[in-house]
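S.K.: Below is a structure I'd like to ask you about.
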Amino acid sequence: MPSIETSWPLAEPVAAQTARRVPIVTRPLAIRRHFLAALGVSMVLLALLLDMADLRIDFWQVSSIAYGAAAALLLALRFGLPRSGWRHAGTVAPFATYVGLFTLISVMGAAASYPVAALTHGYADATLQRIDAALGFDWLHWYRLTASHRGLQFLETAAYRSIYVTPALLLWCMARAGEQERAWRFIATFWLAAVITLILFSLMPAVGPFSYLWHEPIRYMPESELWQQGLIPALRTHAVHAIDLGQLRGIVSAPSFHTAAAVLYIAAGWRIAALRWPIVALNAAMLLSTPVEGTHYLVDMILGLGVALTALALMDMHRRRCAVSV
């Protein structure tokens, strides 16, 4: 029997078509919905922590009102610019959203450290210092080196304060490129790292190496100063009842959140060719400044690295779970 050939391709079986179709995409901005829900839950948990610790946020302080004014400005930019017809509205409006959320996470995290500290007991400094000694890290040597060089003090302070410079650059680049999902994932990862940091802080409160190891006249006051040794006991005895958002102090020694943030920034900036090496250099400098300016043990920084890697891994798991076949 003669074979019949057509001049057009025959249709493949459906099973064969399905087997070839394996590209994976992520549901449009599922991360945004999930993150905003998680952020709402964390707000409720913060309120519960404040109540348990007999603390409240004083929203009527001048600094708190300033935060409110900044929030109002960002909201106006977010919802007003898209209707203005301004050619840069498509960049500035989402950037305002990203900055607002990033700032909210930062303030919430710092404020949450107060009730968390109030509910802790004891100090982990002896253990943390023993680990540093086993690692061969001499915090006092680093401090004396910094205290002896004014130029080093200036550079370290500038590097340590850059924790809010890098995310602004990253979020601006993401907003300008229209990379909404990357921006939301970066913000969500930062939030997740803050949550993990607070959980670990509740298990290992510490006054830090400056308070624990330095018993001579102070030759140089680091950026983080000496708040832990006075503020943590005051919080535990309920001598502090109100939190002034404009006077929030860093009281988390372990893990080092500056370290966690630096790792997250480098990971996020690595895919932006124009910023890759400047971000690596800036955050490497921030890491080098962290032991003295942040008054951190080396093990604090190792824990901070672990926090960042855990947050990145969990966010990658979320991305994979949200992936669907098309």
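Every residue gets a Cβ built from N, Cα and C, even glycine.
Unlike curated records, TrEMBL annotations are generated automatically.
Straight out of TrEMBL:
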TRANSMEM  35-53  transmembrane segment
TRANSMEM  59-80  transmembrane segment
TRANSMEM  92-114  transmembrane segment
DOMAIN    127-314  domain 'Inositolphosphotransferase Aur1/Ipt1'
TRANSMEM  158-175  transmembrane segment
TRANSMEM  187-214  transmembrane segment
TRANSMEM  296-315  transmembrane segment
S.K.: Looking only at residues six or more beyond either end of the transmembrane segment (296-315), which have a C-beta under 8 A from one in the stretch?
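M.R.: Contacts of the transmembrane segment (296-315) (Cβ under 8 Å, skipping residues fewer than 6 from its ends): 128-129, 131-132, 135, 137, 139, 185, 188-190, 192-193, 196-197, 200, 206, 208-209, 253-264, 267, 287, 290.
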S.K.: I'd like to know if the transmembrane segment (92-114) touches the transmembrane segment (187-214) in this structure, counting it as a touch only when three or more C-beta pairs sit under 8 Å and are separated by 6 or more positions.
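M.R.: In this chain the transmembrane segment (187-214) contacts the transmembrane segment (92-114) - 3 or more Cβ pairs sit under 8 Å.
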S.K.: Looking only at the recorded stretches 35-53, 92-114, 158-175, which one has the largest tally of CB-CB distances under 8 Å to the transmembrane segment (59-80)?
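M.R.: By Cβ pairs under 8 Å, 92-114 leads among 35-53, 92-114, 158-175.
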S.K.: For the transmembrane segment (158-175), find every same-chain residue at least 6 residues outside the stretch whose CB is under 8 Å from a CB in it, and list them.
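M.R.: Same-chain residues near the transmembrane segment (158-175) but 6 or more away: 91-92, 94-95, 98-99, 102, 106, 182-183, 186-187, 190, 223, 258, 261-262, 265, 268-269, 272, 274-275, 279, 282-283, 285-286, 288-290, 293-294.
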S.K.: Along the domain 'Inositolphosphotransferase Aur1/Ipt1' (127-314), what average pLDDT does this model show?
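M.R.: For the domain 'Inositolphosphotransferase Aur1/Ipt1' (127-314), the model's average pLDDT rounds to 97.
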